[in-house]
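Just dropping this structure here.
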Amino acid sequence: SMASPALLMRVVASAYSVAEKAATIVRNVMSGGDLGIVEKAGPNDLQTKADRLVQMSICASLARKFPKVTIIGEEELPTDDVTEDLIEDGHCEEILKKPCPAQYTGIKEEELVIWVDPLDGTKEYTEGLLDHVTVLIGIAYGGKAIAGVINQPYYNYEAGANAVLGRTIWGVLGMGAFGFQLTEVPAGKHIVITTRSHSNALVNECISALNPDHVIRVGGAGNKIIQLIEGKASAYVFASPGCKKWDTCAPEAILHAVGGKITDIHGNSFQYNKEVKHMNSAGVLATLRNYDYYASRIPNTVKETLVP
């Protein structure tokens, strides 16, 4: 008989189904009409009923199956009153069938940290910019993002009434990433993607130093990484401290699985062990290809302002 799948593959397979459940919750809250919006630190830092329900669903579902894994979610929430209808017990069979990369076959539950952003792009969600929204489940081992799941609940939402909504992208380092068509920006084109709602002088100074052909301003870190791997943008640049570990963990794993690179603005890689501070205080620079081209053009004034 076949050996049972390695823990990592079981976690990813479960996270896939958990993310699909999350997407259903996101869509149901929106169609129900009452978003239950509360401000956290201000008008650009919102939480909705979808953020709350999705985080409870993801964390409780994964904790039930993998009780010794550390799970860190964006929202401060009680974990004890999760109703049974929020629990997702399924897993993706197709993922379980794939062999685990050799370097990860011996991982134990207590060595994994899962970083969860239940709804990345909350502000855009409240404003109806639904294609910006993602659900992020990132899996870290030894402080490194090694696997990730990104669900886009509203993928295809502009394709008409009969369109199938949503998709799930997933990846594992050493294996690759799936659920999308890897595409590169045409050679010589420099398209920079950046924040929509958290812009400031430093963010803009950094972008103009890159002399891009085009700048795209959208919400959500997950969404921006998808734009990189689908060839809509060549660099994701955010010269500001607003990004957190749960924003970057899943996208990083998927980007790195297809040969891309993400760092802070100084070129330092992100750490994802459970003791690490949550804020990515030195910004973000990510590319699918040509990382050095963009890294070499980040102004020193920007680097001096953003302290890791």
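Glycine is no exception: its Cβ is also placed from the backbone N, Cα and C atoms.
Since we're looking at a predicted model, the values are computed, not measured.
The feature Mg(2+) binding site is assigned by TrEMBL to Glu74, Asp117, Leu119, Asp120, Asp247.
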When a 10 Å sphere is centred on the Cβ of Asp247 (Mg(2+) binding site), how many other Cβ atoms does it contain?
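The answer is 27 other Cβ atoms.
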Are there any residues at least 6 positions away along the chain from Glu74 (Mg(2+) binding site) with a Cβ closer than 8 Å to its Cβ? List them or say none.
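For Glu74 (Mg(2+) binding site), the qualifying residues are Asp51, Gln55, Val116, Asp117, Pro118, Lys244, Trp246.
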Using a Cβ cut-off under 8 Å and a sequence separation of 6 or more, which residues in the same chain sit near Asp120 (Mg(2+) binding site)?
Val133, Thr134, Val135, Leu136, Gly220, Ala221, Gly222, Asn223, Asp247
Which residues, same chain and not among Glu74, Asp117, Leu119, Asp120, Asp247, have a CB within 8 angstroms of the centroid of the CB atoms at the recorded Mg(2+) site?
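My list of surrounding residues reads Asp51, Val116, Pro118, Gly121, Thr122, Thr134, Val135, Leu136, Gly220, Ala221, Gly222, Lys244, Trp246.
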My understanding is the cutoff is Cβ-Cβ under 8 Å with a sequence separation of 6 or more in the same chain; which residues meet that for Leu119 (Mg(2+) binding site)?
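Non-local contacts for Leu119 (Mg(2+) binding site): Val26, Thr48, Ala50, Asp51, Val54, Tyr125, Val133, Thr134, Val135.
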Measure from the Cβ of Asp117 (Mg(2+) binding site) and count the other Cβ atoms within 10 Å, all protein chains considered.
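Looking across every protein chain shown, the total is 31.
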